[in-house]
Each structure stands twice: as C-alpha cells, then as structure tokens.
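Features reported for this protein in TrEMBL:
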- 25-48: transmembrane segment (TRANSMEM)
- 41-290: domain 'G-protein coupled receptors family 1 profile' (DOMAIN)
- 60-78: transmembrane segment (TRANSMEM)
- 98-120: transmembrane segment (TRANSMEM)
- 132-152: transmembrane segment (TRANSMEM)
- 197-223: transmembrane segment (TRANSMEM)
- 244-261: transmembrane segment (TRANSMEM)
- 273-292: transmembrane segment (TRANSMEM)
Amino acid sequence: MQRVNLSAVSEFVFVGLSDAPEIRLLLFVLFLLIYLATMTGNITLLVAICTDSHLHSPMYFFLGNLSLLDILCSTITVPKMLGALLLEKKEISFAGCLFQHFFLIAVVGTEIFLLAVMAYDRYVAVCHPLRYLTIVSAKLCAHLATGTWAAGVLNSLLHTSLIFTLSFCGPNKIHQYYCDIPPVLALSCSSTRSRELVILLVAGVLGSSACVVTVVSYIYILLEILSRNSPGMWHKAFSTCGSHLTVVCLFYGTTICTYVRPSFTYSPHRDRVVSMLYGMLTPLLNPIIYSLRNKEVKCALRRVISRVRSAL
C-alpha cells in the first residue's frame, strides 16, 4: 500500500470576504461603523446600568451581563475581519484559530444560558411581583450569572477539544470570516462523524434545555395574564417581556440554524449570512431593542449623557 506524506496545517486562511478592492473598502467602512455602533451602544448601556441607582435591580444586572457578552462577541471576530478587508491579511495561525473558536463558543453558549435565566427572571417579575426581590435575591443573581458563564466556558472547552484534536493536513481555507465549528470541521482530513454526533448531542441537550426554560417561563406568564383578565396587565407584561422575547427569537433562531445540524448541510454562502446576524447584527440590536422599549433605560441613558456633557 502506498504511503501518503501528510503535513500538519500550521495556519488557516479566511476566504469568506470579497476579493474586489472596491467592495472590500465598502465592506470595511460598513462593518467598521456597525462595530463602532455596537461598542458605543453596549458600553453606554453597561455604564448606565453600573452607575445609575435606578437600574440596580436583577433585570438590569442580567442585562448588563448581556451587554458585556455582546461586546466580547463582536470583539472576538470583527477586528480580524476588518484587518482582512483593509490589509488583506487573511491568515490566522492554528493556535489563533483555536483561541478565537474557544472564546466565541464560550460567549455564544453563555448568552444562550443567560437568556434562559432572564426568561425566569421575567416569569418571577410578572407572576410573583410582591415576592420578586425576595426570590430573585442578589445572592441568587450572582449564582445564576456565575453558573451561566461557567456553563458557557465548559461547553466551549468540550467543543474546542473535540474539534482541534482532529487532523488537519490538507486544505486550510475557511469559508467564513472567523473560526467557527462547521467550516473548521469541513477541513479535517480525519473522520469527524463520532465527534459531530457528540457536538450535536451536547448542543442539542444544552440548547433545548435553555429553550424549554424560556418557553415554560413565557407559558406561565401568558397563563398569569389570561387568569387576571386585565387590559393593564397585558400592557405591563408586554413592556416587561417584549424586549427580551424579541432578543430571544433573534438569537436562538440564528444560533440553532448554525450549530444544531449535521455538517453535510453546511453551506458557506448561507452560513456567512446567518453568522452575520448573530455575530454582528444581534449585538448591535440588543441595546437598541432594550433602550427603545424601556422607559427606565431611556431615562438612565439621558442621565448618563447629561453627566458626560457636564464633565466635558
């Protein structure tokens, strides 16, 4: 039998962006503006939550964690993409790809769990308003937040170890603008079937568990609203839960389309569009959704802007 000499891949090359110079410049300006707007919106919201005493409640504590995750999600992927567009530096080392993948999956996983925790928080706020601060205490908030971050990191450790212990000895072109699970798996020259099954199983169990918590919380909220049969209750519940439900649908929909499916359904062009939604647009839209639909946040943002103007 003839032996084949296979060399290990030391770097990967992103080929998910346009090679036309005029399009590259346009995309660079567009994505830079989106990134700056994302950073500005989430940092402003985070500062408002940290500094304004009116927002020192469990709901805004979790919202602050969400803003921090959105900042990290964009920072992990977008600067490298901007460098590829402007400087045509599309290469990333094997170690760099590994770390980018680890931190991205950790952030995405943590956000999935955090949105489920926020759904539980909304359930307690609507269904048990008089006992809200007793049930969702500062200690419980700290434990829930720590648990979501720990679960996200452990989930990412598992995924990263399963993927980056595979053999990469042939093509090294990633059809994406960052190191994600489906395009990296597609480059492996060893069998990925068993590891794909483990990844799908773990992602399915954890993702479905978070979805179940979210769905059950909103079912109880709906039943509580129907049992009271009060027009004012509908308005209060919608103002309390509408923003979170919008974010949940947007984030869960895009992440499930990306990760909870077998690799043979991977489509570079479609997946780039989907990844843009949860990698760039979702972090941009989250602070907008919460600030536009929440009077307390809008008032806090006005106070922060007023203090900044006074300082300047």
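A Cβ is built for glycine as well, from the same backbone N, Cα and C atoms used for every other residue.
Annotations in TrEMBL come from automatic prediction, not curation.
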Legend entry - Any contact, the transmembrane segment (98-120) to the transmembrane segment (25-48), with at least 3 Cβ pairs under 8 A: no
Inset, instruction - Could you tell me what the rest of the chain brings near the transmembrane segment (132-152), counting residues at least six beyond its ends with Cβ under 8 Å? - result: 57-58, 61-62, 65, 105-114, 117, 121, 124-125, 206
Inset, instruction - Can you check how the pLDDT averages out over the domain 'G-protein coupled receptors family 1 profile' (41-290)? - result: 83
Legend entry - Surrounding residues of the transmembrane segment (60-78) on its own chain - C-beta under 8 Å, 6+ positions past either end: 31, 34-35, 38-39, 42-43, 45-46, 49-50, 100, 103-104, 107-108, 110-111, 114-115, 117-118, 121, 141, 144-145, 148, 177-178, 247, 279-280, 282-283, 286-287, 290, 296-297
